[in-house]
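First the structure, in the form of structure tokens, and then the observations on it.
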Amino acid sequence: MEFDAVLLLSFGGPEGPDQVRPFLENVTRGRGVPPERLDAVAEHYMHFGGVSPINGINRALVTELRAEVGLPVYFGNRNWEPYVEDTVMAMRDNGVKRAAVFATSAWSGYSGCTQYVEDIARARRAAGPDAPELVKLRSYFDHPLFVEMFADAIAAAATTVPKDARLVFTAHSIPVAADRRCGPGLYSRQVAYAASLVAAAAGYDDYDLAWQSRSGPPQVPWLEPDVADHLETLRAGGVKAVIVCPIGFVADHIEVVWDLDSELRAQAQGAGIALARAATPNADRRFARLARGLIEELRSGGEPARVGGPDPVFGCLAGINGEPCRPPHCAARETAAQGA
């Protein structure tokens with residue numbers, strides 16, 4: 001399978017104070033999120049001048065991708081400019097026939113995969129009958145370079161805290177019902193498996209996994225423990241230093257720079273705990289090499305590059321033109337569950 005372009009598909013983020021509220025309304029449309037919750041989240045962005053770091057990071061990643069893949073690289077978002085619909089129309093107008101889609105999520109499940117599949121289908125509908133073929137690359141939470149980048153980030157963070165620092169992985173929490181939607185704990189099992197691979201690569205036999213950035217009504221069960229609650233448990237157990245690795249994020253979303261770097265760090269300081277936060281991949285050249293490797297797998301038909309571990313959890317295969325993932329992966333399970 002050959003490609004004549006690459007599309008970097010991401011979440012999007014505001015780039016000025018006047019964009020914050022419209023962006024949040026895009027993100028939460030149809031979910032019944034109360035206005036006061038949007039106001040609270042908007043304040044997080046205002047601490048950074050109303051600018052999310054994600055678009056700047058993605059533009060830097062586009063530069064790295066262009067150098068690695070030797071193809072035109074386009075950039076489109078779900079929730080803010082440049083919108084993926086506009087990007088795909090530009091690709092059509094530029095004569096692109098088939099593009100590899102690299103999404104900034106390593107995971108399966110609705111938020112991690114299916115929503116990006118829906119983005120692809122929606123963008124192709126907007127572009128009409130001459131829309132390019134769009135091939136979403138597979139999940140990559142067990143790719144050797146994904147594991148290497150996070151293991152190296154942990155090693156760098158470890159140099160800034162005492163040697164007995166406790167390693168804590170975090171990922172975005174989701175409702176328990178959502179985690180069961182695509183099979184038994186598909187997303188949470190993938191995160192736990194990736195954490196085990198990264199911990200082993202970084203030389204840690206013992207570590208913790210916690211969840212962050214939950215929202216919604218308190219009566220709705222979400223994945224636990226929450227990282228703030230877990231930090232208190234560690235404090236009560238006498239832990240004096242932690243390394244937090246946000247393995248669920250491939251870039252510095254607001255959930256990383258606010259929820260961890262601001263709120264969790266303040267909690268740690270108040271508890272007398274030294275906290276080091278491991279870097280996310282962001283625009284690391286190896287992240288672009290990872291994408292190139294996923295493209296080469298489709299070009300050559302070769303075996304996927306994966307780090308093996310006990311009790312492996314597999315992710316989504318490549319998907320074409322917004323079609324559901326093939327069994328036994330997430331969108332196929334979702335479709336089957338909805339039709340039952």
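Every residue, even glycine, has its Cβ placed from backbone N, Cα and C.
What you see is a predicted model, and the numbers here were worked out from it, not measured in a lab.
Swiss-Prot annotations:
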type: BINDING; residues: Ser52, Tyr116; note: Fe-coproporphyrin III binding site
type: BINDING; residues: His172, Glu255; note: Fe(2+) binding site
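Taking a C-beta cut-off of under 8 angstroms and a sequence separation of 6 or more, Tyr116 (Fe-coproporphyrin III binding site) has the following same-chain neighbours: Leu9, Arg78, Val101, Ala103, Ser105, Lys136. Less than 8 angstroms from the CB of Ser52 (Fe-coproporphyrin III binding site) sit Gly13, Pro14, Glu15, Tyr45, His253, Ile254, each of them six or more residues away in the same chain. Neighbour counts were taken as the number of other C-beta atoms within 10 angstroms of each residue's C-beta; across the binding-site residues His172, Glu255, the minimum falls on Glu255.
Secondary structure at Ser52 (Fe-coproporphyrin III binding site), as computed by DSSP, is coil.
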